[in-house]
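Report on the structure given below.
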Amino acid sequence: LKQVFNKDKTFRPRKKFEPGTQRFELYKKAQASLKSGLDLKAVVQLPPGESINDWIAVHVVDFFNRINLIYGTMSEYCTEKSCPIMSGGLKYEYRWQDDSKYKKPTKLSAPQYMCMLMDWIEMLINNEDIFPTRIGECALVLC
């Protein structure tokens, strides 16, 4: 387990919501509802009086944190050598493209691909224009 939290690995610490904020309260509601039972439709319903955009943002960040944790636990087994291609089985290969370094879809090892992906998602989540943290503000993409 010590290796999961090694700073040289691609595991990232959980993004946290500031206690006392509206997002923190929604996060607590989301956590409580996920532990409350098996009715998934009821679990993800918007609590009365809450903003749908805030509710979605809380779940997106929580999903990112969970995927980060899962990836962190298995990253030592998927190395440049053991996972030279990011694939979804024999039929699918994932290639990385962005607006800066990789202008065309580029073959990367699975660890490189995951590192790029997690960095990209983290950058989006931390962008106040997309995921504002102040009460009453909406994201530019949703306004």
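Cβ atoms here come from the backbone N, Cα and C positions, even for glycine.
According to TrEMBL, the Zn(2+) binding site annotation covers CYS78, CYS83.
Same-chain residues at least 6 positions away in sequence with a Cβ under 8 Å from that of CYS83 (Zn(2+) binding site) are, in sequence order, SER109, ALA110, PRO111.
There are 15 other CB atoms within 10 A of the CB of CYS78 (Zn(2+) binding site), with all protein chains counted.
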